[in-house]
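Asker: Please read through the structure below; I'll follow up with questions.
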């Protein structure tokens, strides 16, 4: 029986990246939006911190195996399961608001840590493996801009509420319902994503012949990843990639009033979108430069941004500490003093987007295989979450702000020389080393094996084995 034949535009890598972006916009983006409403919209900040600590801890542990799980289940089911945790967590916030069930919120945080690792492993594999090598920077830009637009919308909502009411304590249940409706749209959108064996790149190649992997293959594959010296050299970069969030959030709370904190969140979202578009389109995917040169250029740009932005942050940080921050009046967005602080929050997240883009781009330049890149993405998020958990723990014990800034900054700077060594190993293309299969070859082979139609391609084991043998020469 003939299978459904997808329209040509729908099977393109960028369409799939956009779909994943929409899924994350409606789920992760709305989760970030709720977080922008002040401790997740809760009056009890300590409870929100506890739930987030449990979340990141579970995220870090699950990330070690989430890539393998994503490969076995396939991207659709993995994304679907990953989105459910966000719906549960926002629902738990609503439940706590109406019933006071703090235990359920902490449990939801733990479950979200598990499901988020699944979602980000599938997302990373799609974003890094589906596009052509020349488009991987742009793929990050498109995804990150769509995803961060969700956070930006939430920040604008929080800003509007703050300006209207003069502050934000707890959030009405109708607000939670509105966010939940959007999140469930994101949950449903996960089924729009195609598996790698149905995605055709611009040069006519399939991303992968297999729709999913097998458990024993994942055990072997993960062991190989853990032995890859190039990936091990990137671990410090992974660990540092979210470490600074705790510090930036802490000084935001300590030095700004509620409406200004909401405005800072808007600037953060805007900075992340602009930074992602800039680094992907104007640096990492420049057509006339060789791939390794683009990597060096990207590293140079990110290093410069990191030094410049954090040096400005240091210049402000030395003017106060935790104790003095409690004595100083809050800064309001109408104050003259705020004019020098607003750009800092924009460029903190501008730099964050560039840093994340470079990390993803380097990983995607090491291989085009979606299964391997899913494992890479899982490990990346595991280390990233471990770093975030550590930074929040550091802030929870009232570590001096200056120490938090220096720890975040030094870790990022220390990761750059190791990233340079990995970039040195990047080849101009991986197509010659990895099996490349053309969709046209699969179609012809399918029709030769019993008169199959062109729609009946991509996932039949017998066809797959024959095509692999026929295309090894092309590889």
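Cβ coordinates come from backbone N, Cα and C, glycine included.
Remember, TrEMBL labels are computer predictions, not curated facts.
So TrEMBL has the following annotated:
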type: TRANSMEM; residues: 20-42; note: transmembrane segment
type: TRANSMEM; residues: 54-73; note: transmembrane segment
type: TRANSMEM; residues: 79-96; note: transmembrane segment
type: TRANSMEM; residues: 103-122; note: transmembrane segment
type: TRANSMEM; residues: 142-163; note: transmembrane segment
type: TRANSMEM; residues: 175-194; note: transmembrane segment
type: TRANSMEM; residues: 231-250; note: transmembrane segment
type: TRANSMEM; residues: 262-284; note: transmembrane segment
type: TRANSMEM; residues: 296-316; note: transmembrane segment
type: TRANSMEM; residues: 405-423; note: transmembrane segment
type: REGION; residues: 450-475; note: region 'Disordered'
type: COMPBIAS; residues: 459-475; note: compositional bias 'Basic and acidic residues'
Asker: Quick check: do the transmembrane segment (103-122) and the transmembrane segment (54-73) share at least 3 Cβ pairs under 8 Å, counting only pairs 6+ apart in sequence?
Answerer: yes
Asker: For the transmembrane segment (405-423), find every same-chain residue at least 6 residues outside the stretch whose CB is under 8 Å from a CB in it, and list them.
Answerer: 230, 233-234, 236-237, 239-240, 243-244, 247, 292, 295-296, 299, 302-303, 306-307, 310, 313-314, 317, 355, 358-359, 362, 365-366, 387, 391, 394
Asker: Below 8 angstroms Cβ to Cβ, which residues of this chain, lying six or more residues outside the transmembrane segment (175-194), approach it?
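Answerer: Result: 6, 10-11, 16, 19-20, 22-27, 30-31, 33-34, 37, 41, 75-76, 79-80, 82-84, 86-87, 90-91, 93-94, 97, 126.
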